[in-house]
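Quick notes on the structure that follows.
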Amino acid sequence: MSGHSTVHYKNPVVRWIDTRLPIISTMQVNAMDFPTPKNLNYFWTFGGILTLFLAIQIVTGIVLAMHYTANVGLAFNSVEHIMRDVNYGWLIRYMHANGASFFFIAVYIHIFRGLYYGSYKAPRELLWMIGVVILLIMMATAFMGYVLPWGQMSFWGATVITNLFSAIPLVGPTIVEWLWGGFAVGNPTLNRFFSLHYLLPFVLAAVVFLHIWALHVPGNNNPTGVEVKSPKDTVPFHPYYTVKDGFAIAVFLIFFAAFVFYMPNYLGHTDNYIPADPLVTPPHIVPEWYFLPFYAILRAIPDKLGGVIAMFASIGVLFILPWLDTSRVKSASFRPLYRQFFWILVLVCIGLGYLGAKPPEGVYVIASRILTAYYFLHFLVILPLLGIFERTKPLPASISESVLAKSGGGGATAAAGAASAPESRG
Ligand code: HEM
């Protein structure tokens, strides 16, 4: 990122540009030659998948905005107009709506990959925290986007979620009026949500740039969690990971296309094809699937303010995660106990998602309370204690050695493992 070209190009035009603005050499150093651990598995392809989906959302969103009208009297019909009259409008809209879901599928896999391999630990804490900021911006963007078609779920979802802020003592009701731009969810609300929904993806793009910059300082973590020790541990990003990422993207896009073309409304709610009606409350107000675990946490707490705090804390706890996990070993592959708790956490999050879609009554509420308590227990109690009590497995001496051992080429693994044993104690 320095101000000068670091590569000497033979092509005079390329050289002319690069000595004045070293954009070509910067790309070459950071995206082509970048030394990348040679043992990355397919879970490391989701960053690339996410970058592509951000681009898909921005491009399809810009086209939608050309035909959409952000007015409570016209919004619903303008979306129907996109679906029926605009050339390929249905495709653009279904790509955008399902693209949001696939963006979240990818980001949740990306996050759980980080949790499994300890990618949030030093020296990648800031990279992780920038990731949490990205998650928050994604959530705000998706929430506001869902309001735009001005269907029943749009209206009532916006009403329920904005109303949460009224639980804040003293200033709550004022904040809610300020969010609405009036005394109820209405035209000013729709307008500002559209404005922000258009703006935030570009903010997201800037924060993703910081995310990747922060990644390129320490370089990638890898499935062993052992840092790169010599050039033998790495391969250049291109062609090795451009090809691997390309393949993963192609497979992911097949699933995406299956939804877009064959079940475009499967992930949505039928009520959102009914125009918003402030006088008719739907029997169940449920958010999109990717918010369900958080919705379950919100409703698990009997007190409104408590629920709001718990919901925000469930993401807040991720901010301080690098300091909650006290183990010096990164990868769950060498942490037998942590590995089990990791999978329990995955099940708990899926369970919370299931409960978020259920009515808040009887056994569902009790189950939500238990799973919510466990979620926080995992981060606030189990992780700090595991670092102290867990006996970790011996780490390989290097990435190269672990790769060779797997392919049957390294006879020295046991000895090297023993040699590194003290390092591997949590
Ligand atoms: C728009 C959303 C995002 C994009 C485009 C994005 C992009 C990327 C890319 C390209 C990489 C390198 C390749 C890879 O490791 O997969 C990466 C790595 C990483 N990301 Fe993200 N990311 C996003 C969201 C997040 C979120 C929400 C978090 C965490 C809360 C996160 C945490 C990380 C971490 C810890 C790494 C380093 C992984 C490692 O090297 O082991 N990212 N990200």
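Each Cβ is built from the backbone N, Cα and C atoms, and glycine gets one as well.
The heme b b562 binding site annotation in TrEMBL covers H96, H197. Within its own chain, H197 (heme b b562 binding site) has G61, T141, M144, G145, L148 as residues 6 or more apart in sequence whose C-beta sits under 8 angstroms from its own.
The Cβ of H110 (heme b b566 binding site) has F46, G47, L50, G131 as same-chain neighbours under 8 Å, each 6 or more residues away in sequence. DSSP classifies H110 (heme b b566 binding site) as helix under the three-state reduction. What TrEMBL lists as heme b b566 binding site is H110, H211.
Classification of H216 (ubiquinone binding site) by DSSP places it within a helix. For H216, the entry in TrEMBL reads ubiquinone binding site.
Among the features that TrEMBL reports, compositional bias 'Low complexity' is placed at 413-426.
Annotated domain 'Cytochrome b/b6 N-terminal region profile' per TrEMBL: 13-224, in sequence order.
Annotation source TrEMBL lists domain 'Cytochrome b/b6 C-terminal region profile' at 227-397.
According to TrEMBL, the region 'Disordered' annotation covers 405-426.
Under the heading transmembrane segment, TrEMBL lists 42-70 (among others). Listed by sequence, the residues of this chain that lie at least six past the ends of the transmembrane segment (42-70) yet keep a Cβ under 8 A from its Cβ atoms are 78-79, 81-82, 86, 89, 92-93, 95-96, 99-100, 102-103, 106-107, 109-110, 113, 116-117, 148, 190-191, 193-195, 197-198, 201-202, 204-205, 208, 212, 215, 220, 222, 241, 244-245, 247-249, 252.
Taken from TrEMBL, the feature transmembrane segment covers 91-111 (among others).
Distant neighbours of the transmembrane segment (126-148): 68, 70, 75, 79, 100, 103-104, 107, 110-111, 114, 119-120, 154-155, 157-158, 161, 189-190, 193-194, 196-197, 200-201, 203-204, 207-208, 210-211, 214-215, 218, 272, 287-288, 290-291, 315, 318-319, 321-322; these residues of the same chain sit at least 6 beyond its ends, with a Cβ under 8 Å from one of its Cβ atoms. Per TrEMBL, the feature transmembrane segment maps to 126-148 (among others).
Among the features that TrEMBL reports, transmembrane segment is placed at 155-176 (among others).
TrEMBL lists 196-215 (among others) with the feature transmembrane segment.
The transmembrane segment annotation in TrEMBL covers 246-263 (among others).
Residues annotated as transmembrane segment in TrEMBL: 305-324 (among others). Long-range contacts of the transmembrane segment (305-324) within the same chain, counting only residues at least 6 positions beyond its ends with a Cβ under 8 Å from a Cβ of the stretch, are 111, 120-122, 125, 128-129, 132, 135-136, 164-165, 167-169, 293-295, 297-299, 372, 375-376, 379-380, 383-384.
Per TrEMBL, the feature transmembrane segment maps to 336-357 (among others). Residues 112, 115-116, 286-287, 289, 291-297, 299, 327, 364, 367-368, 371-372, 374-375, 378, 382-383, 386, 390-393 of the same chain lie 6+ residues outside the transmembrane segment (336-357) yet bring a C-beta within less than 8 angstroms of a C-beta in it.
If you look up TrEMBL, you'll see 363-389 (among others) marked as transmembrane segment.
Less than 6 Å separates the Cβ from ligand 1 in the case of H110, drawn from the binding-site residues H96, H110, H197, H216 in sequence order. The average pLDDT the prediction assigns to the domain 'Cytochrome b/b6 N-terminal region profile' (13-224) is 98. Each of the binding-site residues H96, H211, H216 was scored by other CB atoms within 10 A of its CB, and the lowest score goes to H216. If you look at the transmembrane segment (363-389), the same-chain residues 6 or more away from its ends with a CB under 8 A from one of its CBs are 296-297, 299-301, 310, 313-314, 317-318, 321, 324-328, 335, 337-338, 341, 344-345, 348-349, 351-352, 355-356, 426. Below 8 angstroms of C-beta separation, residues 42, 45-46, 48-49, 52, 91, 94-95, 98-99, 101-102, 106 of the same chain, each at least six residues beyond the ends of the transmembrane segment (246-263), sit close to that stretch.
Taking only the Cα positions, the spacing between H96 (heme b b562 binding site) and H211 (heme b b566 binding site) is 24 angstrom.
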